[in-house]
Amino acid sequence: MSVNKNGCSTRDQRGAKAILMTPDGHCLCQQQEEVCAKSVINSCGDCIRTGPFCSWCKQLNFTKPGEQEAVRCDTKAQLVKKGCNIFEIIAPENNKTTIKDVPLSTLSSQQEPVQMSPQHVSLKLRPGLPETFTVSFSRAEGYPVDLYYLMDLSYSMKDDLNNVKGLGQDLFAALKKITKDATIGFGAFVDKTVLPYTNTNKEKLLKPCDENDQQCQAAFGYRHVLSLTSSQDDFKEKVSSQFISGNLDSPEGSLDAMMQATVCEKIIGWRNNSTRLLVLATDAGFHMAGDGKLAGILDPNDEQCHLENNLYTKSNEMPSHPAEKVNFDRLYPNADRPVNQELCLPKLSSKVTLTQDVLPDNIRVAYKPNCANPKQEGSNKGVCDNVRVGEKISFDVTVTADSCMDKEKSFIISPLGVKDRLNVTISTSCECQCNDPTQEKHAHCNNQGRINCGICSCLDGFVGQLCNCSIKDKDEQSLRASCRRHNGTECEGRGDCVCGRCNCHTTEKGSSYYGNYCECDDEHCEKFQNKQCAGNGQCKCGKCICNKNFQGSVCQCSGSTEGCQTENNSVCYGRGTCTCNQCECKEGYQPPHCQTCLGCPDPCQTKLNCIECLQFNSGPFQKNCSSACVNVSHTTVEKFTISSKECRQKDSEGCWITFKLEQLLGEDNYRAEILKQKDCPEPPDVTAIIGGSIAGVAFIGILLLMLIKLLIYMKDLKEYKKFENEKKKSRWAEADNPLFQNATTTVANPTFTGE
C-alpha cells in the first residue's frame, strides 16, 4: 500500500481499493471488492478472459472426483482459501515497457528540443485491468511558432479588412512575447463560385460588390496570399494589396480554406518543429458537406492539396469538408473572432492539451492532469492551463483493453500544437503460461494424456477427468452424444461424460447436480423477496414444491381462498381456479369471480333444442333428450322468478318459446324456467290467398291493357295534330291544268235504230 500526493492510500492494480480524482485535485477513495463472474469455464484461457480478477489454480488433484474443473477459476483469495498453493495460481498482470525515453530539453538552442517524455511505451494488458503511466511535459523556451492568418473577404468584412492591413506589427509583437522564432502567413477566402452561393452572371463574377465600390476583386473560393515568413514588411505589403469580394448567401467557404491551409504544407511553409497556429477571422458561419448537394457537388472531398497559382482549383468540384484535418495536424482553429480583437497568443501557448488520435477498437484512455490549474474538458483529453515556459507538468494516462486482441495495435498521444509524440503499442495477455510438464503420457493422467494447466488432456481413445475411460473401437462422438440432452451441451456443462454417462459435478454450495444429463440441482429455483421458493417450499430440479397451505410458482401465496369466495359460497363459480387468493378464470370468463363470460356463445340459442325437448317433447333432441340435456334442469311456470334476461326463440315447428336461463356452478350447468304455452301463429287461408292472387293478376292485366290503349290513343292524337298543322301551312295555286279535259257523256239508246 502507498500514499499518493493528495493523501489517499492506494493499492496496486490488482488490489481492492480504487481512487477517483475530482477536477480540483481532491481524491475520493472507493472500496471495490474483487469479483470473478464465472460463466462457462473449460480451460485456463477461458478463466483469464472472464474478468480481470479471475485466477486459475493449476495444482494437480485440486478438484475432487466428479467436481467440475471450473472450480479452479476464482479470485486469488478464494483459491488460496480453497487450498490452492499461492505458487500454483496463474494470474497474468499488466506489463509496461518504456522503449524510448529521451529526457526533456530546457532550451530550444538544441536542434530538436524534447518537450514530452517518454516517446515510446509498450503495454501488455490483461482485458479489463487498467494500466496507468505518467507522461511529462515542459514547453521549451523559444520554441518556434508558425501563425497563418486566414481571413474572410466577403463583402460584410469590408470594414475589418482595413484593420487587418495594419495588424502585422501587432501580430509580430504578440508572437515575440512567447518566442523569438516566429513566422506569419496570410490567406483569404470567400465562397464557391457557383449557384446558389455566388451570382454566376459574368459581370457579377468579375465584380460581385456594389457598383460604387471601385476596389473589388473577382469572386474566388480560397487564395493563398503569403507563405509563412519572418518579415513584417512582407506581411504588410501582401495584406495591403487585398481587396474585398462578395457572394450571395450568408455561410462562407471557411472549411475549404482551412482544409487547404492544412494539407498544403509545403506551399504554406509549415515547419516540422514548430507550434502551428491557424487564426480564422470571419463574421459568418460555414458551409457543411451536405450543402454541396444544392450546387450538384456530390463527390467526397479527397483531403488533398489542390492549389495552382496559389488558388484552390477544386472549390466547385468537391464539397466543404469538416475540419477533422485541423485536429489531425495539430493546428489551433480560432474561429469567429473579430479581427480587431487582441489575439491572446500567450494564453494559447500557456494551455497544454494532451489527447490521442484514433483509438483501436475496445481500447479506452483516460487522462488525469497533475498541474496547478487542471481543466475538465472531456474524458478523452487532459488539460492544464496557465503553464509557464519551462514549467514541468505531468499527466497520468490510464489505458484499458476491454477484450482480447489478435494482434498488436498502437495509437499516438501528443499535445495539441506540438510536434512531440508518444507512440503507445498495445497487446493483450489472454493465454496462460503454466510451464506444464513435457511428458506426453503423465502418471497423473494414467499415462494416457498430458498435463495442461492442471487438467488432463487425453490421448485419442481415452476420455474422462483422469483419462481413465478407454473407448477402444467405439465412436467417441456417439459416446459423447449420449451425454447431450436435445443435442445441447455435454452434461449441461455440469459434469463429465465418462464412457457415455454423465458424472455430475458438485455445486458451489457442496451439493451435487443430478439427473441423466446433470440437468437438475436444488439450488436454482425462482426467488421471492430474496428467498428461494419464498421460504415456503423446497427446490427440486429447478422447481418449487410448496409446503402445505402454500401455492404459486414460487410458493409465495398462502392457501386461503377467501378472496375467491362467491355469494353462493363457491370458489370462482366453478369457472376458474383460486391462485394466490385470486381467481384465474377460464377463457372468456371475467374476473374477479368468473361470473360472466363476454366471449361465450348466447345460451338462449345453444340451449334451445334442450328447452324444446324437455318441455314439449319435440325438436332435434326428442329421442335422446335425457342424455343430451343432462346439464339442464327445468320447471314449467306461468310467471318467471329468475332475474336473468328473457329468451324468445323459434322452435323446429315455427312456434315461439319463451324461457329464462340461470347459470349454475361450472361452465355448462343451467336451470331453466319455461312458460307453459308456446306462441304458434295460425296457418294461412289458402283459398283467400289463391283468390286474391287471381284477382290481383286479373286487375294487373286489365290495368296493363288500359295503359297500352292509352299510349296508342296518345300517339294517334299526336299524329293527327301534326297532320292538322301541316295542312294549315300548305298553299294551293288556282290555275288550269293544261292536261285536264272535261268529262263528256254520250248516251246511246240500245233500242234506237235510227229510224
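Each residue, glycine too, has its Cβ placed from N, Cα and C.
So that you can see what the record holds, here are the features copied from TrEMBL:
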DISULFID  C44-C54  disulfide bond
DISULFID  C47-C84  disulfide bond
DISULFID  C404-C647  disulfide bond
DISULFID  C430-C434  disulfide bond
DISULFID  C453-C491  disulfide bond
DISULFID  C458-C467  disulfide bond
DISULFID  C499-C533  disulfide bond
DISULFID  C546-C555  disulfide bond
DISULFID  C557-C564  disulfide bond
DISULFID  C585-C594  disulfide bond
DISULFID  C610-C680  disulfide bond
DISULFID  C629-C655  disulfide bond
DOMAIN    43-432  domain 'Integrin beta subunit VWA'
DOMAIN    709-755  domain 'Integrin beta subunit cytoplasmic'
TRANSMEM  686-712  transmembrane segment
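Within 10 Å of its Cβ, the residue among the disulfide-bonded residues C557, C594, C629, C655, C680 with the fewest other Cβ atoms is C680.
When the C-alpha distances from C54 (disulfide bond) to the disulfide-bonded residues C404, C533, C585, C629, C647 are tabulated, the minimum falls on C404. In the shown protein chains, 20 other C-beta atoms lie within 10 A of the C-beta of C585 (disulfide bond). Among the disulfide-bonded residues C44, C453, C458, C533, C594, C629, the ones whose Cα sits within 10 Å of the Cα of C434 (disulfide bond) are C44, C453.
Most Cβ neighbours within 10 Å among the disulfide-bonded residues C499, C610: this distinction goes to C610. Counting other Cβ atoms within 10 Å of each Cβ, the disulfide-bonded residues C434, C491, C555 show the lowest value at C434. In this structure the alpha carbons, written CA, of C44 (disulfide bond) and C555 (disulfide bond) are 40 Å apart. Using C629 (disulfide bond) as the reference Cα, a 10 A cut-off selects C610 from the disulfide-bonded residues C47, C594, C610. On its own chain, C647 (disulfide bond) has P603, C604, L608, T658, F659, K660, L661 as residues at least 6 apart in sequence with a Cβ closer than 8 Å to its own Cβ.
Across the domain 'Integrin beta subunit cytoplasmic' (709-755), DSSP classifies residues as 21 helix, 0 strand, 26 coil. If you take the Cα of C453 (disulfide bond) and the Cα of C610 (disulfide bond), they are about 81 angstrom apart, rounded to a whole number. For the domain 'Integrin beta subunit VWA' (43-432), the model gives a mean pLDDT of 82. Counting Cβ atoms from all protein chains shown, C404 (disulfide bond) has 17 others lying within 10 Å of its own Cβ.
For C655 (disulfide bond) paired with C680 (disulfide bond), the C-alpha to C-alpha distance reads 4 Å. Checking the disulfide-bonded residues (C84, C404, C430, C458, C491, C555) against C564 (disulfide bond) with a 10 Å Cα-Cα cut-off leaves nothing.
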